[in-house]
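Everything below concerns the one structure shown next.
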Amino acid sequence: MTRPVLVLVHGWGCDSRTWQPVLDGLRELVPVQLVDLPGFGNTPALETFSLPAVLAAIESQLPERCVLLGWSLGAMLAVQLAARLPQQVLGVISLAANARFVASDDYPHAMAPDVNRQFNSRFAEQPQAALKMFTGLLAQGDVQERALLKQLRTQVPDAINHNWAQALQLLAELDNRAALVQLSQPLLHLLAEQDALVPIAAAESLRGLNSQHQIHVIAGSAHAVHWSQPQQLISAVQDFYETLATAVDKKRVAQSFGKAAATYDSVAGLQRAVGAQLLDYLPAQLDRTRLLDIGSGTGFFTAQLATRGAEVIALDIAQGMLDFARQQHPQAADWVCGDAENLPFAQSSVDFIFSSLVIQWCARVPQLMQELARVLKPGGRAYISTLGPGTLVELKRAWQQVDNYVHVNRFVGRTSLEQAVQQAGMQCLAFVESTRRLYFSRLRDLTHELKALGAHNINPGQAQGLTGRQRLQAFSLAYERERSPQGLPASYEVYYLVLCKP
């Protein structure tokens, strides 16, 4: 699958030439497109450098699928674009940028307002002197400050127009907090430890806005990170793209399981057996407690949980599943459509969490565990079953003899799960591994069951379009080599976890 284009959006006081130190390295990794802001570089100035006009100017240049890498003002604009274009902008890398550039009473970890006003006034009166001062701020505090300053002085543009002062005003007014809170795409904040323009204390403020977003602090770097530590930025981009490549498309997950609602119960033997075993870990009576069933599906286990006396909230990402479950079990629970990685519930609001064979579809397990810990009350417990990387290993082996595409979903292993639990501040009271093996007389019976469950391949990297007849025949022959006297095997590596929030 072609990697989405990386669109580079520069900050104030420069143009797209500022990406020179990282450009060759980035182009070795991904397709790259440079953008000049209106009034900067080769882009004509706007009559007014307003937020709607600037976003429209950038949007007109964006490819159909892209990742935005913005620096400073460019990063703040990238966040705004991602919030407006969630289907087009697949992710954002925010370099040396804050939710607000200028501090306010309710957001103190930013530039002091009087400092910002003084600089803007100086630029209006003596633009060249202000630019020289600005270049010094870009390098201030860096471990290689003198060498960095010398490099940056060669980048100061000669031509200045009315958009520059207007851009400073927009920078002072821009508030990205609401956009960051709602942003569902992956976002990486890269902050500079020695930044003279964006205080490092902003890291905690940014973390509080959206727990799903990643934050990394680059040690020893000033504001011009891509000049100070170019290789670290290139490596961060590479890691970000790898995360995108393995992330499960949640919309496709929801559509896949939603379409399977009517057929799910008829073929869900494995799911029933695993869920029943997970139920045995829960207390028999749950009177006067609040329980969250994550990935409630058709409501089969939701109804059983309700008989134990708990107030049950059933959450699923697939509206089709919720509609079906509500019809089958109208009184069993409150039915909520939502994402397990961004739970629509208050902190410390539930006593128990039940989730059977669901979290293997989550793209970011650390964020998931953070969310579970957030909504659990102190002393609350989460009971989880999920699939490990040994799942459908026979299917994987057979396809590997045919092509190099991804045909089996990638599942997280025990070590990564335990690390995510620990990082979320929870304790793992039990971790049980079990292998269940099903047998089918015909290959079409296995593939039919997977499709009826909605559990066919939804990972990026799979083959696009129809699978050719020759490839299907080769796959069928390869799978036949797995046949035993009981039939064609399909193995499932099942994990059972009992977690506790201290």
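Just so you know, glycine gets a Cβ as well, placed from its N, Cα and C.
Taken from Swiss-Prot, the feature region 'Carboxylesterase' applies to 1-224.
Annotation note: Leu137 (substrate binding site) sits in a helical segment as assigned by DSSP. Taken from Swiss-Prot, the feature substrate binding site covers Trp12, Phe134, Thr135, Gly136, Leu137, Leu138, His223, and the record attributes it to similarity to another entry.
When secondary structure is read from DSSP and collapsed to three states, Ser72 (active site, nucleophile) falls in the coil class. Non-local contacts of Ser72 (active site, nucleophile) by the CB criterion (under 8 A, 6+ apart in sequence, same chain) comprise Gly11, Trp12, Leu95, Ala96, Ala97, Leu197, Val198, His223. Marked as active site, nucleophile by Swiss-Prot on the basis of similarity to another entry: Ser72.
In this structure, Asp195 (active site) belongs to neither helix nor strand by DSSP; it is coil. Just so you know, the Cβ of Asp195 (active site) picks up 26 other Cβ atoms within 10 Å once every protein chain is counted. The active site feature in Swiss-Prot is assigned to Asp195 (among others).
Annotation note: His223 (substrate binding site) sits in a coil segment as assigned by DSSP. The active site annotation in Swiss-Prot covers His223 (among others).
Annotation source Swiss-Prot lists region 'Malonyl-ACP O-methyltransferase' at 225-502.
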Q: Using all protein chains in view, find how many other C-beta atoms are within 10 Å of the C-beta of Trp12 (substrate binding site).
A: 18
(Q) Are there binding-site residues among Phe134, Thr135, Gly136, Leu137, Leu138 that sit within 10 Å of Asp195 (active site), Cα to Cα? If so, list them; otherwise say none. (A) Leu137, Leu138
Q: Taking the residues Trp12, Phe134, Thr135, Gly136, Leu137, Leu138, His223, which the record names as binding substrate, find the longest CA to CA distance and state it in Å to the nearest whole number.
A: 14
Q: Check each residue in the chain of Leu138 (substrate binding site) that is at least six apart in sequence and keep those whose C-beta is under 8 Å from its C-beta; list them in sequence order.
A: Leu148, Leu149, Leu152, Ala196, Leu197, Ala222, His223, Ala224, Trp227
Q. Whose Cβ lies within 8 Å of the mean position of the Cβ atoms of Trp12, Phe134, Thr135, Gly136, Leu137, Leu138, His223, the substrate site, other than those residues?
A. Gly13, Met133, Ala139, Gln140, Leu152, Ala196, Leu197, Ala224
**Q.** Per-region confidence, the region 'Malonyl-ACP O-methyltransferase' (225-502) (mean pLDDT, whole number)
**A.** 85
